[in-house]
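**Q** My structure is below; once you've seen it, I'll send some questions.
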Amino acid sequence: MRLKEILSFHPFANQFSALYDIEINAIKMDSREITNGDMFVCINGFTVDGHDYIEEAIEKGAIIVVAERNVEATVPVIVVEDTVRFLAMAASCFYQYPTSKLSLIGVTGTNGKTTVTYLLENIFKQCGKKTGVIGTIQMKIGEDVYPVDNTTPDALFLQRTIREMIDQEVEQVIMEVSSHALDQGRVYGCDYNTAIFTNLTQDHLDYHDSMDDYLRAKSLLFAQLGNRYDCKAKKFAIINQDDPASKKLIRSTAQSVITYGIDRDAMVMAKSITLTSTGTTFLLCTPDGDTMINSKLIGKFNVSNMLAATAAALSNGIPLEVIKSALETIPGVNGRFELVPHSRSFSVIVDYAHTPDSLENVLTTIQELAKGKVYVVVGCGGDRDRTKRPIMAKIALRYADKAIFTSDNPRTEEPEMILHDMVNGLTPTDGHYQIIVDRRKAIHQAIHQAAKDDIILIAGKGHETYQQIGLVKYHFDDREVAKEALLLKEN
Ligand SMILES: CC(=O)N[C@H]1[C@@H](OP(=O)(O)OP(=O)(O)OC[C@H]2O[C@@H](n3ccc(=O)[nH]c3=O)[C@H](O)[C@@H]2O)O[C@H](CO)[C@@H](O)[C@@H]1O[C@H](C)C(=O)N[C@@H](C)C(=O)N[C@H](CCC(=O)O)C(=O)O
Ligand SMILES: Nc1ncnc2c1ncn2[C@@H]1O[C@H](COP(=O)(O)OP(=O)(O)OP(=O)(O)O)[C@@H](O)[C@H]1O
Ligand SMILES: N[C@H](CCC[C@H](N)C(=O)O)C(=O)O
Ligand SMILES: [Mg+2]
């Protein structure tokens, strides 16, 4: 694309008119990915400053550099105030504003984002629509899956991916939008037609200064929901009325608000909920009518997720019967309350709970279902919110009969120090626990001890198929390790 076109969004593009005819092959933000004819946009990151890689980028073939300051370079340099914003705008333009050409739903909140995206994928697929999903587990175009590094990718990857989805005739994209992404402008320029809020509880206080700052980041999804009233392109904010943050989020958007809830009055509600160890039934009450739902998903929190998906689907014109059928057929989400199959008289559940609230939700659900003892094997991730560690340890001890504290992804922290953060401050009245640093040994130990009717929760890593120790990711899958331990168990 010609530079003139890429700069079409720039308010003072004329100053670069001498460069207008330069033909750009691709836009890149990483010097390591540059090939001949690319534009290199320098981002000053948390770890390194992209401006330090200009020479490398030029050596690899960059023909133009976009920077935040005057820099020495053998190719033309465009200086802008904010390269992050430039990157998002240029990428949207380069890929021909892909998000405005299909229907895009964004899901934010501390817990439940992945689950809601998969529920919605199922609903839209039932309608015969080709879907795209972007989130924690993977990126999906129809049935093809691709690995991802982040829950919400950077602006460049995102715009390119959605263009690819359009080329592959995807009509509906459902994506998770993390608070990091909102804060870092990864989703600038995304034209969502629906924004969903699941809930706000403690996480990521390593990144956000306070819960207020965390909420501010989340609220950007709603504040940035197109402030234009266009009957052909309606916008909806789907808000969890049960969450105390709902009022602030409702005030942050100028668009139609659709509330959902279990405990407080809302437009879409669940009533007469029955939770069992094999699923959940409830009366789904909506402005389009009421219907009984018989879902395989377990736990009250999943009813909330189903309400979020229902509210979004209804506002997008999906009939209630289709929603019912989709909610009733989805078998569960990879690594979320996933039962490890075996023929023993106790149960093993792998779940992605890695925040205080999700751990509490999953453990209270298990406690209600368990006839025997509840075991929990849990750790906390390294290079992440330290303040959630003791809270998660207390929750584990409050709801489980036996707690084994172990490593999650230690990343660059010492595993023993993470465990120290978890248990430091616990008192004997909080309960008894074991520390087994090696996660494999911890899982084996729990399974070795389990007896008839017990339930073992292996929390924190869910679908993950690796454990990151230092900078290296080793293959590790809680489900595989549990199966291995089950084979070794004698009684
Ligand atoms: C703290 C954080 O969010 N970091 C994100 C950030 O990385 P960074 O600022 O450290 O990047 P950097 O390494 O300093 O690089 C700066 C620039 O220099 C460039 N560079 C770098 C090296 C080089 O040789 N050449 C070069 O050009 C880089 O491409 C980049 O443009 O920008 C990167 C590109 O967008 C992200 O991949 C990275 O996410 C890291 C991997 C991460 O772990 N993020 C987590 C905290 C995160 O974002 N999590 C949320 C989900 C959370 C949840 O809801 O549970 C997510 O959306 O994934
Ligand atoms: N609505 C909910 N409220 C509270 N906890 C939930 C909810 N939905 C799921 N959980 C719990 O949180 C865990 C993570 O769920 P899910 O992966 O859907 O959330 P997420 O928001 O995508 O998480 P992440 O931020 O890590 O991507 C689940 O394994 C479950 O324990
Ligand atoms: N998206 C989350 C995932 C956390 C998963 C948990 N297993 C951990 O490593 O802390 C994060 O990057 O903070
Ligand atoms: Mg997720």
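Every residue gets a Cβ built from N, Cα and C, even glycine.
What TrEMBL shows for this protein is this:
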| type | residues | note |
| --- | --- | --- |
| BINDING | Gly109, Thr110, Asn111, Gly112, Lys113, Thr114, Thr115 | ATP binding site |
| BINDING | Arg384, Asp408, Asn409, Pro410, Arg411, Gly460, Glu464 | meso-2,6-diaminopimelate binding site |
| DOMAIN | 23-95 | domain 'Mur ligase N-terminal catalytic' |
| DOMAIN | 107-313 | domain 'Mur ligase central' |
| DOMAIN | 335-462 | domain 'Mur ligase C-terminal' |
| MOD_RES | Lys218 | N6-carboxylysine |
| MOTIF | 408-411 | motif 'Meso-diaminopimelate recognition motif' |
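How buried are the listed features, and what sits near them?
**A** When Cβ atoms from all protein chains are considered, those within 10 Å of Asn111 (ATP binding site) total 24, not counting its own.
Secondary structure at Arg384 (meso-2,6-diaminopimelate binding site), taken from DSSP and collapsed to helix, strand or coil, is coil. Long-range Cβ contacts of Arg384 (meso-2,6-diaminopimelate binding site) within its own chain (separation 6+, distance under 8 Å): His204, Asp206, Arg411.
Across the domain 'Mur ligase N-terminal catalytic' (23-95), the model assigns an average pLDDT of 96.
Around Lys218 (N6-carboxylysine), the same-chain residues six or more apart in sequence whose CB sits under 8 Å from its CB are Thr108, Gly109, Ser179, Leu182, Phe197, Leu200, Ala245, Leu249, listed in sequence order. Under DSSP, Lys218 (N6-carboxylysine) is assigned to a helix (H, G or I) in the three-state scheme.
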**Q** Which are the residues of the chain, Arg384, Asp408, Asn409, Pro410, Arg411, Gly460, Glu464 excluded, whose CB is within 8 A of where the CB atoms of the meso-2,6-diaminopimelate site average out, their centroid?
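**A** Other same-chain residues with Cβ inside the cutoff are His354, Gly379, Cys380, Gly381, Gly382, Ser407, Lys461, Gln467, Gln468.
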**Q** Taking only the Cα atoms, work out how far Pro410 (meso-2,6-diaminopimelate binding site) lies from Thr114 (ATP binding site), in Å, as a whole number.
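**A** Between the alpha carbons of Pro410 (meso-2,6-diaminopimelate binding site) and Thr114 (ATP binding site) there are 23 Å.
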**Q** Quick one: Cα separation, Gly460 (meso-2,6-diaminopimelate binding site) versus Asn111 (ATP binding site), in Å?
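**A** Gly460 (meso-2,6-diaminopimelate binding site) to Asn111 (ATP binding site), Cα-Cα distance: 12 Å.
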**Q** Measuring Cβ to any atom of ligand 4 with a strict under-6 Å cutoff, which of the binding-site residues Gly112, Lys113, Thr114, Gly460 qualify?
**A** Lys113, Thr114
**Q** For ATP, what surrounds Gly109, Thr110, Asn111, Gly112, Lys113, Thr114, Thr115 with a Cβ no more than 8 Å from their Cβ centroid?
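**A** Along the chain, the qualifying residues are Val107, Val116, Glu176, Thr198, Asn199, Asn305.
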